[in-house]
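**Q** OK, Swiss-Prot features for this one:
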type: BINDING; residues: 32, 33, 34, 35, 36, 64, 103, 132; note: 4-amino-2-methyl-5-(diphosphooxymethyl)pyrimidine binding site
type: BINDING; residues: 65, 84; note: Mg(2+) binding site
């Protein structure tokens, strides 16, 4: 089964919580609660409702950026973007038990995050995406192939999740580059039935 990380997104039809609930219902086992414009209090309110839902489905829950909150709420970990707290600092604060993921766009990013102790890397974007502002250069299939080859050559063994503007039809070709999983948001939420779409994607 595909290793799928669902990244929450608020749309006209769905709240952050509802988007995560549908992904869980469809069988997704890894949720990243991402609420970029929200205050820590707003994130905490949603996380407190989402945590038991994830637990009931035996799914991993990580927060985007909010390291202190992740520690306070005892979720499974955090995902840190390029402008968030440095991974090394987060590791000191959280200890070894928490999952820490980092965003990477180049092999240089990969080396830095690996050295800092990241548990996995979200590498992207695959293509242009409307869910993220200040987008890094688009990688495409060639970008993943190149970065993974350099990782292999350098002996860097760390799980890679492809992220950024990915739709279901892209998944087979992206997985062939050697990545370990896929992160999705819009591809699921824009489907007529997000629960069924999650199930379908997990079986690609």
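Each residue's number is its place along the chain shown, starting with 1.
Even glycines carry a Cβ here, placed using N, Cα and C.
Tell me what's around each of these sites.
**A** Within 10 Å of the C-beta of residue 103 (4-amino-2-methyl-5-(diphosphooxymethyl)pyrimidine binding site) we count 23 further C-beta atoms, all protein chains included.
The Cβ of residue 65 (Mg(2+) binding site) lies under 8 Å from the Cβ of 78, 79, 80, 81, 84, 85, each on the same chain and at least six residues away in sequence.
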**Q** Using a 10 Å radius around each Cβ and counting other Cβ atoms from all shown chains, which of the binding-site residues 34, 36 yields the largest count?
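**A** In terms of Cβ crowding, the pick is 34.
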**Q** I'd like to know which of these binding-site residues, 64, 84, is least surrounded, judged by other CB atoms within 10 A.
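**A** Comparing Cβ neighbour counts within 10 Å for the binding-site residues 64, 84 gives 84.
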**Q** I need the least crowded one of these binding-site residues (33, 35), counting other C-beta atoms within 10 angstroms of each C-beta.
**A** 35
